[in-house]
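J.: So that we are looking at the same thing, I have put the structure below in structure tokens.
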Amino acid sequence: MNFFILIASACLVLTGVQCRKDGYLYDSKNCKYACVDNDYCLKECKSKGGYYGYCYRWYSSCYCEGLPDKVKTEKTGRCTL
């Protein structure tokens, strides 16, 4: 049993498993990407490596799905304009 777990873990490491996440896009000033239409957000999300993006109208912000882990999707401080 332990051998099977070891082999499975090694296969995952060797294949380069990539984790994906969903969230709002933030710029370098900790501000969300503002939007008015889905096309803009789709373009921005894809440029960051995401699968899909849309304008979440309630917050007027771009929401992305399938982003790489390295992309900032959480606010880390105050938005400075």
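Cβ coordinates come from backbone N, Cα and C, glycine included.
Since we're looking at a predicted model, the values are computed, not measured.
Reproduced below are the annotations present in Swiss-Prot:
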- 1-19: signal peptide (SIGNAL)
- 21-80: domain 'LCN-type CS-alpha/beta' (DOMAIN)
- CYS31-CYS79: disulfide bond (DISULFID)
- CYS35-CYS55: disulfide bond (DISULFID)
- CYS41-CYS62: disulfide bond (DISULFID)
- CYS45-CYS64: disulfide bond (DISULFID)
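Each of the listed features needs to be described in terms of its position in the shown structure.
T.: Less than 8 angstroms from the CB of CYS31 (disulfide bond) sit CYS79, THR80, LEU81, each of them six or more residues away in the same chain. DSSP gives CYS31 (disulfide bond) a coil state; it is part of no helix or strand.
Spatially close to CYS55 (disulfide bond) yet at least six residues away along the chain are CYS35, VAL36, ASP37, ASN38, TYR40, CYS41, SER61, CYS62, TYR63, judged by Cβ distances under 8 angstroms.
All protein chains included, CYS41 (disulfide bond) registers 25 other Cβ atoms within 10 Å of its own Cβ. DSSP gives CYS41 (disulfide bond) a helix state.
Every protein chain considered, the tally of other Cβ atoms within 10 Å of the Cβ of CYS64 (disulfide bond) stands at 26.
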J.: Using a Cβ cut-off under 8 Å and a sequence separation of 6 or more, which residues in the same chain sit near CYS45 (disulfide bond)?
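T.: Same-chain residues close to CYS45 (disulfide bond) (Cβ under 8 Å, separated by 6 or more) are LEU25, TYR51, TYR52, GLY53, CYS62, CYS64, GLU65, LEU67.
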J.: Would you find the one among the disulfide-bonded residues CYS35, CYS62, CYS79 whose Cβ has the most company, meaning other Cβ atoms within 10 Å?
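T.: Answer by Cβ density within 10 Å: CYS62.
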